[in-house]
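Everything on this sheet refers to the single structure shown next.
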Amino acid sequence: MSLSSILSADAIDSAIKDCQAADSFCPKKFFQMCGLSKKSAQDVKKVFGILDNDGSGFIEEEELKFFLQRFSPGARVLTDKETKAFLCAADDDSDGRIGADGEKISISCIVSEFLSAEMSWRRRRRSSRSI
């Protein structure tokens, strides 16, 4: 199964183009642009399965680096800074990976976790600028 069977190829292309520059990747914006934030939990689970390159039930940091390339093979690799921020936003149990918690895969929460973490990050960033 390919991501374009779940998401629009045009939407994926637009999302990839939006974050071509190093350190410009924003998970919230990317998920919105490619349409993933509007998908059902079942579709998000399918996307997770595609992103979980080794089939471990987790997305580890090494897999996350190539996140954009899973959407489009010619896309850039995430920078270390982007990868760590992305992992931090989605790693709800601080084990250094995104995914399974016992038998329950936390896929259905991933998009909302990314979105809420992004909002929290932006609030912290704004408040640190005002100090």
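Using N, Cα and C of the backbone, Cβ positions are placed for all residues, glycine too.
Listed in TrEMBL:
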type    : residues                          : note
BINDING : ASP52, ASP54, SER56, PHE58, GLU63 : Ca(2+) 1 binding site
BINDING : ASP91, ASP93, ASP95               : Ca(2+) 2 binding site
DOMAIN  : 39-74                             : domain 'EF-hand'
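Proximity of SER56 (Ca(2+) 1 binding site) to non-local residues of its own chain (separation of 6 or more, Cβ distance below 8 Å) is seen for GLY99, given in sequence order. Same-chain residues with CB within 8 A of the center of the ASP52, ASP54, SER56, PHE58, GLU63 CB atoms, the Ca(2+) 1 site residues themselves not counted, are ASN53, GLY55, GLY57, ILE59, GLU60, ARG97, GLY99. The Ca(2+) 2 site, placed at the center of the C-beta atoms of ASP91, ASP93, ASP95, has further neighbours from the same chain whose C-beta lies within 8 angstroms: ASP92, SER94, GLY96, ARG97, ILE98. If you take the C-beta of ASP91 (Ca(2+) 2 binding site) and look for same-chain residues 6 or more apart in sequence within under 8 angstroms, you find ARG97, ILE98.
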